[in-house]
Structures are given as structure tokens and as C-alpha cells.
Amino acid sequence: MAPPAPGPTSGGSGEVDELFDVKNAFYIGSYQQCINEAQRVKLSSPETDVERDVFLYRAYLAQRKFGVVLDEIKPSSAPELQAVRMFADYLAHESRRDSIVAELDREMSRSVDVTNTTFLLMAASIYLHDQNPDAALRALHQGDSLECTAMTVQILLKLDRLDLARKELKRMQDLDEDATLTQLATAWVSLATGGEKLQDAYYIFQEMADKCSPTLLLLNGQAACHMAQGRWEAAEGLLQEALDKDSGYPETLVNLIVLSQHLGKPPEVTNRYLSQLKDAHRSHPFIKEYQAKENDFDRLVLQYAPSA
């Protein structure tokens, strides 16, 4: 079984983290709960106010409410909030993305304030969306926070560098083994490892869902564990639950496309999920790869078509 969920004194210092519930909700993908907690919590210092607002606006970004972030974060706002606004600007304005990345490149080439963890995370997020994982990793390696390391683990797993991901996970475990982010990273690495580790990953996702909330992130994590073990029907139930919560969540739709193929569902079922994904997330990497393969297939068909 997974270790017990961490409490608000996690981090080794014994001090109470006033933002524990806000952060925890964000990390497990419970974005509305994060917003609610952020608006309700009473804080003891201006620095904590800024940190609270960072998570509040990042939760709005996760809900694709870019306008809220762009309207409310002003030029006079703290540098951490300016970084969140930069990412909101990137996500909201496709036509401006190249210029935003170019400006970010210039900032990264100068002396960066490595204590501004939010800037490093937002820079890495932009580079990742821009299909530049190397630049994302360079940004993250300048920070030493648990969240920077957790994001590094995610990127390394996407690059099939399980060996390096394990090393980063070890760093997280040495820093704070019981932290929510460390537990999630442990589940991601276990899922990528496969075999008997799949059950360990499943227990972590399940325990978090039971103790906190069965979020889209956790439901998809559980479903991925089932799919990796060939338990397609069990995965389908979890993915349907996720679909009921949000019919446009990209990971749910990608997993349902894969699952439909394995269960031999009619082609129209797979195509329906594919259309939903295209409508909601036309620049999603899965869609780009799918369209590239479609184009390759069309070229092959023309190549071997009988001449008139």
C-alpha cells in the first residue's frame, strides 16, 4: 500500500504550511477546490499572499480561464504573478506564441532569479507546450524546489529516460518522501517501470482519490495502471467516470481512444472521441502525431495507386 497521505506539517521543518490544502488540491488536479481554498484561507504574511495567488491563478489556467488571469494580474503585480500571466498570454493567444517564446529565450539567456521558482516552472511549461523539452529541463534544473524536480520527472518519462527519472525521484524522496508531489512522482515512475510496480502506482492513485477526491488526474492514473495490466474493462469504468466529470479533458479522451481500439469497439466510437479531442485541443501532441500519420498514409496510397 502507499504511505499515508501527507499532513500540513510535511517538509521536515515541523512548521505548519498555511497553504497545504491549497497546494495539495492543485497537485492532485482538484482545481476548483484549490480556488475555493485559496479564497477562504487566512494568511499571516504578504509573501504567503503572493504564493497563494500563484496557485489560485494557476488553477484558473488549468481550467482554461485565461481571461481571469490576464485581467487580474497587473503590471504592478509581483514577479511570480507576472510569470503566471506570461503563461496565460501564451495559452490564450496562439498568434503571439512565437514572440512570447523569443522573449522568454532572451530572458533565459540573461541572469535569471533562480529563487523565483514560479518563473522557472512557467518557463518550463511554455517550452514544453512549444515541443522543446530540452529547454524546459534547462529551466527546471536551475531550481531546487520539489515541484521543479517533479516536473523534471514528468519530462524525463516523456523522453523515455526512466533511468534519469529514477535519479530525480530519489532526490525528491530524500527531500520529503511523504509529500504529495513525491507520492505522485513515485506513481508515475512505477507506472513507467511496469510489472509488479503497476500495482504500487495504482495504490498511490487510489489512496489519494479516497482521501482527497477522485480527480481527472487520479482517475486517469488508475486507468493507465489497469490498461498496462490488460484490465481494459476496469479501465473503461474509471475513464467513463472521468468523462462524466469533464467531457473535454485530453488525457481521458486519448486513453479512451486507445481503450476503444483494444476492446474492438466500432470505428465510430473511436472517431467520436477523436473528434472531441480535435474540437477541444486541436494542437494536442496526440492530434498532431495522428494527423502526421494520416498524411503519411495518404502519401503511401498515392504512391501505390494504379496509374490511369
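FYI, residue positions are counted from 1 along the chain as it appears here.
Placement of Cβ uses the backbone N, Cα and C atoms for every residue, glycine included.
The annotation phosphoserine is assigned in Swiss-Prot to SER13, SER45, SER99.
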Length of the line joining the Cα atoms of SER45 (phosphoserine) and SER99 (phosphoserine), in Å: 36
Secondary structure at SER99 (phosphoserine), reduced by DSSP to three states: helix
Listed modified residues (SER45, SER99), ranked by Cβ neighbours within 10 Å, top entry: SER99
